Structure formats: structure tokens, C-alpha cells
Amino acid sequence: MHEMSLMESVIEIVCETARQNGATRVKSVRLDIGALSHVDPHALLFCHEAVRHGTIAGAATLEINRIAGEGWCLDCGKTVALEERFGACPDCGRNHVQMTAGDELKIRDMEVI
Ligand SMILES: [Zn+2]
């Protein structure tokens with residue numbers, strides 16, 4: 001389950017950043033997770049429960065901001081919705097779509113005390 005190691009690094013970065021800013025506690029963390037990234041938000045929440053204990057983010061809430069998949073269709077010359085990686089264009093049905101959004105996997109922001 002790669003969500004566990006992912007969440008471990010998130011908590012590590014969050015705690016490190018909080019410490020550098022002189023904070024003693026992390027209140028909340030918000031993550032941007034693209035719909036096309038291979039990350040299961042439910043698994044992330046579960047892993048968050050497991051890895052936050054014993055850290056200064058021990059009571060932090062986790063909010064996951066889902067980012068919808070989007071791509072640029074070279075044939076239509078416009079941005080289209082993308083349901084899957086390397087998916088076809090919903091308008092012309094061809095596979096000349098370059099993914100432009102939906103692959104995100106980052107810490108959007110965090111709140112500290
Ligand atoms: Zn198209």
C-alpha cells in the first residue's frame with residue numbers, strides 16, 4: 001500500500017515545516033490529490049490516522065481536495081474532461097489528449113498553532 005509511505009512523507013514534511021516556523025502543533029493539513037493520480041483518498045485518510053500519532057501533527061485534521069482530470073485535445077484544440085490517464089477525447093474520440101490536470105499530489109496548505 002503506497003498510501004502509507006506517501007502519508008509518512010506528508011506528515012514528515014508537515015512536522016518539519018511546522019517546526020521551522022516555530023509552531024508547536026499542526027491543526028490541519030490540506031492535500032491536492034488529482035483524480036487521475038493512483039492514490040486512493042480513503043486509504044490516505046486511513047493511513048493518516050495511523051501515522052500522525054506521536055507527532056506534533058497528532059491531532060491534525062486531513063482534508064483532501066480532489067482535482068478533476070483535464071487534458072488538452074490536439075485535434076479539437078481545446079481543454080476536455082479526462083476520465084482516465086491516456087483516455088480518449090470525449091468530443092472526437094481520438095487519443096491525442098495531453099493530460100494537463102488530475103495528476104496532482106501535493107500539500108496545498110496547513111494550519112499550525
Ligand atoms: Zn478531441
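Here the Cβ of each residue, glycine as well, is placed from N, Cα and C on the backbone.
Its Cβ taken as reference, H2 (Ni(2+) binding site) is surrounded by 11 other Cβ atoms within 10 Å in the chains shown. In this structure, H2 (Ni(2+) binding site) is part of a helix by DSSP. For H2, the entry in TrEMBL reads Ni(2+) binding site.
The annotation Zn(2+) binding site is assigned in TrEMBL to C73, C76, C89, C92. For C89 (Zn(2+) binding site), the count of additional Cβ atoms within 10 Å of its Cβ stands at 20 [all protein chains shown].
With a cut-off of under 6 Å between the Cβ and any atom of ligand 1, the binding-site residues H2, C73, C76 reduce to C73, C76. Of all Cβ atoms in the protein chains displayed, 14 besides its own lie within 10 Å of the Cβ of C92 (Zn(2+) binding site).
Take the mean position of the Cβ atoms of C73, C76, C89, C92, the recorded Zn(2+) site; other residues of that chain with a Cβ within 8 Å of it are L74, D75, K78, V80, P90, D91, G93, R94, H96, V97.
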